[in-house]
Amino acid sequence: QEHAYPADELMPLTCRGRVRGQEPSRGDVDDALGKLVYTGTEHLLTVVFQVLNKTKEFEEAVKKVIKDVNLDNDIVVSVFETNIRVLGGLLGGHSVAIMLKEKGEYMQWYNGELLHMAKELGYKLLPAFNTTSGLPYPRVNLKFGVRHPEARTGTESDTCTACAGTLILEFAALSRFTGTSIFEEYARKALDFIWEKRQRSSNLVGVTINIHTGDWVRKDSGVGAGIDSYYEYLLKAYVLLGDDSFLERFNTHYDAIMRYISQPPLLLDVHIHKPMLNARTWMDSLLAFFPGLQVLKGDIRPAIETHEMLYQVIKKHNFLPEAFTTDFRVHWAQHPLRPEFAESTYFLYKATGDPYYLEVGKTLIENLNKYARVPCGFAAMKDVRTGSHEDRMDSFFLAEMFKYLYLLFADKEDMIFDIEDYIFTTEAHLLPLWLSTTNQTISKKNTSTEYTELDDSNFDWTCPNTQILFPNDPMFAQSIREPLKNVVDKSCPRGISRAEESLGSGPKPPLRARDFMASNPEHLEILKKMGVSLIHLKDGRVQLVQHAVQAASSLDAEDGLRFMQEMIELSSQQQKEQQLPPRAVQIVSHPFFGRVVLTAGPAQFGMDLSKHKAGTRGFVATIKPYNGCSEITNPEAVKEKIALMQRGQCMFAEKARNIQKAGAIGGIVIDDNEGSSSDTAPLFQMAGDGKNTDDITIPMLFLFNKEGNIILDAIREYEAVEVLLSDKAKDRATIFKGKMIPNYIIDSNLEMENMDQKSSENDSHKPNSEEAPSESQDAGAVSEEPEGGGESPGVGDPDPLSPASTDSASVPMADEDPLASGPTEASAPEPACSPGDSQPQEQNTQTEANSKAHWDSKVQPMESILADWHEDIEAFEMMEKDEL
């Protein structure tokens, strides 16, 4: 107030106000400024919370806003920022004003002036919603709207998901306060449109969307910038408005977030169409709000884990950088005094009562005073590494940072009202929960929308009573934090000197990279001594991080550095190894007969299936122990069979050696990541263990969890399941060469081929005549087109059975191998069955004539087979249409 009022922001280094148009333009950043006294409107509630007797100051602040704020400026502003900062500030101020007036001591003169201003501003934002989709334009002219000749806006075609999806709280509150339903209707329509445009197979949304067509412009998805408050407002809209549809949508999205984006303690962006594929290797600071939202949702463990990781980053850099990498180095060095981490700290303290979070808050305050405080306020950090400042103090710093820090340390008796009766907007303005029963003019349920059926146990704690989350267990949060306390080093490891690097003689290193095994307890103990820690990523890989200051001694730290350098070199060598195309696992036994083809990842060791065209054929058997990391205890069941085993706990090559020793003729490793699938994740190669693998002579293939379960389910139902491991799927004439093919297969194929071409557009789904098999017909004979094959215009999936057609080979990956590089994108077909798959079969020991009579008596009527076939085709067409 002393240096900047009535400007929108304070410039703390030059001790003056920032007025838009009078200072050099900062581009899109200035869209948050509208000559509206942002700091005044946002500061209204903050004053209330600072000290109990500040209600007089609040009353004076309200009078100033009423007197000085002008909403009729010829200026283009951000719809999103104006909504959350100004409209939210006015509504929050109104909420507190009427509460104080009811108490009978203060604000007795107040007659809803802030609400009248909020309604005027709401009408000025409505022209932005003049689109066919209902998504608002990102900017609006407060005086001329959008398409007016003098508006200087309205040509934009894209907006961020958060920009369009963070309106419902303020707009619904405005409708409930005033009885004017149009605001809530417009905000709901925007949310409905985003929900309908979510990627249906992953249930994720992209960062940027076209406001006219609804096409996703940026198809990466996370919980940080561009999407963050969309998720927040779905859950909070349920809390404020009591509409179950918002909770159902949030739960559906949350399930997808925890399935794909959450890689504890990390939260990494993914592609919405390929959610198992990370879209970036760094995180932005806005995701720091997410642990607080998880508290509201009731999922405390991952909230504690992510918050602790963020706190370790803060302790290393004093502030949370705008973006940082997965190994916790600075990616973008700015820090504009963002409050999201303080927000999550407050909510975690509320949920756990753990005094640890008071210490976290104390650290935040100390860092602000030590590094950001300047004579006229608090200055944003231009670079957290150097401590340089920027002449900027955003209004959210006052509205959120101070508020959450005050509430963190405030006792209940310090508050003049019960904070539990209100919900925080994304800008920390308070809206009363009694709005849920006021002026309900909107239908609560969108009956036309279908929601994904989810495991109800996942949501047992949604909106929980924090009093019962951790009964009699004050150490709960600490037990979760403890493994993460050293995940980020406080200082970067020093470089190794040339003399040390060239050390040719001397003591033998305690552990060489090529010998390292993530499942070896002795190796893990050596790593700990060297200051090296492991992070197990969700995709099964292991990330190594070196903490020099955590080593037992300086010599151990040097050993750790050498070990990390060897790891980097070994990883580089593995990435340069020959890239192999996908392989095929074909189920050839009853009732599949080669129709089901599963795309498999190859191995960089063992039999090269491309040089053994016949492939390896045999019945499958599950090994004991299932992980295959020790001597096989059921060799009699594995001998002369293809062994099934689970990924994890040791290297792929070690599994191969163990099953080969037990007499297996091949091996299939099944991913242990529940729900992983080749239709949502790129394939990868199984790398060796850094040693000579010439002793492994059997073929090894890798299947994702979904495809692996197809084989496991077949075993449970049919017991004897025979598969063919090959470089590509074989036609049935080749598979059954020298063996008798059940006649009903031949009859079905011939009759199908003689049919009228009613389904010519589905040629790839038709079985071919056995009389004229050809190489070009193989794919059509054994595999359906993958689901989502047309997920983006102009980009088709390559032929899943033709190595030459894959866009790129998979990157080598060792099982639990820290050196394994991330997989690159490759096509993966959805396994499918042809008609008649469910037909019974007996052993082929009869004569051909007897066999025909036998099968004719068992087979379904042809009309039934064809009906099932067309039903399958229609199902695939619907899935393709849904994906598009």
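Note that Cβ sites are derived from N, Cα and C of the backbone, with glycine treated the same way.
Bear in mind that TrEMBL entries carry predicted annotations, made automatically and left uncurated.
Now, the feature entries from TrEMBL:
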type: ACT_SITE; residues: E81; note: active site, proton donor
type: ACT_SITE; residues: D228; note: active site
type: ACT_SITE; residues: E322; note: active site, proton donor
type: ACT_SITE; residues: E340; note: active site
type: BINDING; residues: T426; note: Ca(2+) binding site
type: DOMAIN; residues: 623-710; note: domain 'PA'
type: REGION; residues: 755-858; note: region 'Disordered'
type: COMPBIAS; residues: 836-850; note: compositional bias 'Polar residues'
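Here D228 (active site) is positioned 10 angstrom away from T426 (Ca(2+) binding site), judged by their C-alpha atoms. Between D228 (active site) and E340 (active site), the C-alpha separation comes to 11 Å.
Looking at E322 (active site, proton donor) and E81 (active site, proton donor), their Cα atoms lie 19 Å from each other. Each residue contributes its Cα atom, and for E340 (active site) and E81 (active site, proton donor) those atoms are 16 Å apart. Counting residues of the domain 'PA' (623-710) by DSSP class, helix then strand then coil, yields 20 helix, 16 strand, 52 coil. Cβ neighbour density within 10 Å is lowest for E322 among the active-site residues D228, E322, E340.
All chains included, 25 other C-beta atoms sit within 10 angstroms of the C-beta of T426 (Ca(2+) binding site). Neighbour count (other Cβ atoms within 10 Å of the Cβ, all protein chains): 23 for E81 (active site, proton donor).
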